[in-house]
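First the structure, in the form of structure tokens, and then the observations on it.
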């Protein structure tokens, strides 16, 4: 009996499954020459596109959004590397996304409650809230704030798992439909590449917007 989730199993005879997190480093071009290679130009255009997306939200300088561009690049290229065969899909595990979402969210909350307590407490009660609903609104706002790292984790993990499961199921179809399977797999790979970019963009954008709320 085939287990659909065996492709996400990190247990194997090799002890360096999670080393796939640094495999994306081989995609980073090293410029030894004055002229850029095609891959270097592609890398530069990707980073420039990331920067423009952040500039749409807020007109900040590069040094203020550098960490979010790096975060987006890390998630995107880790997702991209996991499309290759026989590479452990680390972004499909909750520990991967939670290890990035939780420290960032905690750092935002700790800094804001220490340095800007009144501003943070004012967010717990929306304007024009009836007096009778104030206690309830405080609980609702606190819960919505505390589940933010969980929503970031689930959003990224669920989308990556769904794509991998679809590709796994397609590979188990009847070989008499081999041409159709190849065509569908090519379309799925293109879809997964776009999902890898979109999920990296959404994760970084939401983290960036959470940081803007505390200012």
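Each residue, glycine too, has its Cβ placed from N, Cα and C.
TrEMBL lists 21-45 (among others) with the feature transmembrane segment.
Beyond the ends of the transmembrane segment (65-88), by six or more residues, the same chain brings 10, 17-18, 20-21, 23-24, 27, 46-47, 50-51, 54, 96, 100, 156, 160, 164, 189, 192-193, 195-197, 199-201, 203-205, 207-208 to within a C-beta distance below 8 angstroms of the stretch. The transmembrane segment annotation in TrEMBL covers 65-88 (among others).
Look at TrEMBL and you will find 95-114 (among others) tagged as transmembrane segment. A Cβ distance under 8 Å defines the sequence-distant neighbours of the transmembrane segment (95-114), meaning residues of its chain 6+ beyond its ends; these are 21, 71, 75, 78, 120, 145, 148-150, 152-153, 156-157, 203, 207, 210-211, 214.
The transmembrane segment annotation in TrEMBL covers 120-140 (among others).
What TrEMBL records for 152-171 (among others) is transmembrane segment. Long-range neighbours of the transmembrane segment (152-171) within the same chain, counting only residues 6 or more positions beyond its ends whose Cβ lies under 8 Å from a Cβ of the stretch, are 4-5, 7-8, 75, 79, 82, 89, 91-94, 96-98, 101-102, 105, 181, 184-185, 188-189, 191-192, 195, 199, 202-203, 206-207.
Taken from TrEMBL, the feature transmembrane segment covers 177-210 (among others).
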